[in-house]
Amino acid sequence: MSERKLFTSESVSEGHPDKIADQISDAILDAVLSQDPDAHVAAETAVYTGSVHVFGEISTTAYVDINRVVRDTIAEIGYTNTEYGFSAETVGVHPSLVEQSPDIAQGVNEALEVRGNADQDPLDLIGAGDQGLMFGFAVDETPELMPLPISLSHKLVRRLAELRKSGEISYLRPDAKSQVTVEYDENDHPVRVDTVVISTQHDPEATNEEIHRDVIEKVIKAVIPAQYLDDKTKFFINPTGRFVIGGPQGDSGLTGRKIIVDTYGGYARHGGGAFSGKDATKVDRSASYAARYIAKNIVAAGLAKKAEVQLAYAIGVAQPVSVRIDTFGTGIVAESKLQEAVRQIFDLRPAGIIQMLDLKRPIYRQTAAYGHMGRTDIDLPWEKTDKVQALKEHLA
């Protein structure tokens, strides 16, 4: 009998407390970048019942009305009713942002490679904003080259938000979570969905029966291809029996607490650094995007069915200290040759990544819910496959 394996990933909606915090942090980043593309930003947010605290470091010439950005973001998510215990108009906003440390700025603004060197490459000017390791991943399980469990999990909570905002399911409230368990065959190909868990906040009048019916018919069956569902697929819809109190009234939220949701749902490794609220000189963010860009182009080029890319940096140094590629035995060329090609084709210095992916633009708020990778609903530069031909030619 062939061996079957299960793998599970989860996602959360834009109304989840941690995701509210991520979206506020990225909305502040976008507001700053729209005026000052060269700003350095590290904006953290904490949310809880009736209160939002924004803190961190910013170096910029821009003026941003933090209070307005916070309230507008909360309203766009859907927290406009005081019954939710957290409302855009009544929430208390407490900003506490200071200037970036000059010790850090020294290494970011002038990388080790150019200090005391008159003959300098402009792209060597920016050093990494911190040490660290970052991962990117791609696999041919879905058209967007993402693992199927996280792809479906994101689509489920995004569908809930669409139905809530359109009014088609009027009793839905903003907070929600999804979880999908996929069964794989002995060749690591997804064959069916074993279990779907959805917890969605709702008005008190909604019955469990109508929630169960609507979620299965209008969410699960609308999102998950019929080929993956069978009579053995298990559905757990609001398994606690009631989910009226939610959002920051139910749990506090912090920026950067959903890093696995933001990436590959646990299917690939993670370096530990969060994304939201950070400008692109922070390699936690920009190098993770670059690593995804590399991995996706490798798989799109047919050079491997699965690819994981690790990049690592030293603070204040432009060039990565290491580049590693793992194709898990699915590659058609040696990994050493892939690594050589990647170093030739992709500029992995922070300034090179920023230029390559055009990361000084205010594009980040849209990434702060429903995943930073594999998005098909928005246009993100690290999701392009425009290096496929260059990789093929280099390795020919």
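Cβ from N, Cα, C; glycine included.
According to Swiss-Prot, the ATP binding site annotation covers His16, Asp175, Ala176, Lys177, Arg242, Phe243, Asp251, Arg257, Lys258, Ala274, Lys278. Taking the Cβ of Arg242 (ATP binding site) as centre and 10 Å as the limit, one finds 11 other Cβ atoms among all the protein chains shown.
Under the heading Mg(2+) binding site, Swiss-Prot lists Asp18, citing sequence analysis as support. Annotation for Asp18 (Mg(2+) binding site): same-chain Cβ neighbours under 8 Å, separated by at least 6 residues, are Val12, Gly253, Leu254, Thr255, Arg257, Lys258.
DSSP assigns Glu44 (K(+) binding site) to a strand segment in the three-state reduction. Here Swiss-Prot flags Glu44 as K(+) binding site.
In the three-state DSSP scheme, Glu57 (L-methionine binding site) is classed as strand. Per Swiss-Prot, L-methionine binding site is recorded for Glu57, Gln100, Asp251, Lys282, and the stated evidence type is sequence analysis.
The feature region 'Flexible loop' is assigned by Swiss-Prot to 100-110, with sequence analysis given as support. This prediction places the mean pLDDT of the region 'Flexible loop' (100-110) at 59.
Other Cβ atoms within 10 Å of the Cβ of His16 (ATP binding site) number 28 in total over all chains.
If you take the C-beta of Lys278 (ATP binding site) and look for same-chain residues 6 or more apart in sequence within under 8 angstroms, you find Leu29, Val41, Ala42, Ala43, Asp284, Arg285. The 10 Å shell around the Cβ of Lys282 (L-methionine binding site) contains 23 further Cβ atoms across the protein chains shown. For Lys282 (L-methionine binding site), the nearest of the binding-site residues by C-alpha distance turns out to be Glu44; the candidates were Glu44, Ala176, Arg242, Asp251. Less than 8 angstroms from the CB of Asp251 (ATP binding site) sit Pro17, each of them six or more residues away in the same chain. Counting other Cβ atoms within 10 Å of each Cβ, the binding-site residues Glu44, Glu57, Ala176, Lys258 show the lowest value at Glu57.
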